[in-house]
């Protein structure tokens, strides 16, 4: 007997069309079962089909979804989850048009967050991050990548990674940990970036032994780390058994996209300034282009990543919030979906695939997350919407009704608009 059976699902978005990364037309295709049903047992999906096919199934609880839509839990593959403080004091500078790199030089930007994170205890960081994770869950996210990078020293970086490990045990959302010690060059290492990177590399063996990080990332940008420094650093991390990511071409077109494809990074993120050659190389690689339009929006910039061109040329595109205290302080992945549709010229179908299938592959979770398939975790979202286009169309609010994580209700609105029923 099933534990739970969901019936009367108006649109069941399985996202289950083909294995591997989705590109071109596959990104613009959504497998939808009309009047669908999903069966759950021991936290695992055991039935996917139509309500007609589900007749005769026995379940301890049968939930009538009222003709509303059900999707997989969403995947946010790029966040800076664990940090201290906030940076609302920088809003005025941004409105005046002060460039981020200038704010950084004044001791603001990431350096401000670094100081607040250093001063916070691990438990304070955990409790703050739980608050943000709860919000992410309420927006339909069930898997999140979490970066360190607000320490720029060994003690604080360890503290961030240990906080993430504790959160993995204490919060329903699945977390994927990334070490971003190479997020900026500390003042004491100004002009000595190679020495700083070697210091970060020296931390990796113990980090690997303690399994505190799965990925290693670096901020490849003017005034921070060069393309050559980034490639050398990430290749050494790969030799130690880590998968790698790269903050690439966010501000200047340095060649970060090309570097990511060349070294086989799991993802290249931002890519606002990615060159035509970089896009071509990404299209011919298995590196996911994780686009972060919420950051461009919040920084009030006119030029967004060329998402339309990337998809048309065969790049596997994912979307993420880039949740962080400075350049994108939002946990709302649904808002990111809307911005991507409007500013990156992505279709609703492409947007949905970019926050499920491709985003899961960007963090090596393509075989366990992002799809509704028999044998996978029952990470499901019931939406207060009757079709998938409505979610990115009606922007600025959350359309989530209920979230199941491993078959258990992890979030629901104050009142449930569905009721239990029998077949």
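Even glycines carry a Cβ here, placed using N, Cα and C.
Per Swiss-Prot, the candidate among 23, 24, 87, 413 that belongs to the 4-imidazolone-5-propanoate site alongside 150, 183, 250, 327 is 87. Here Swiss-Prot has 78, 80, 247 binding Fe(3+), and the candidate from 322, 379, 384 in that same listed site is 322. Sorting the binding-site residues 80, 183, 247 by the number of other Cβ atoms within 10 Å puts 247 first. Counted within 10 Å of its Cβ, the other Cβ atoms near residue 250 (4-imidazolone-5-propanoate binding site) come to 27, all protein chains included. A 10 Å radius around the C-alpha of residue 80 (Zn(2+) binding site) takes in these binding-site residues out of 87, 150, 183, 250, 324, in sequence order: 150, 324. Mapped onto three states, the DSSP output places residue 80 (Zn(2+) binding site) in coil. Its Cβ taken as reference, residue 322 (Zn(2+) binding site) is surrounded by 28 other Cβ atoms within 10 Å in the chains shown.
For residue 327 (4-imidazolone-5-propanoate binding site), the same-chain residues 6+ apart in sequence whose C-beta sits under 8 angstroms from its C-beta are 100, 295, 298, 299. Annotation for the binding-site residues 78, 87: lowest Cβ count within 10 Å of the residue's own Cβ, 87.
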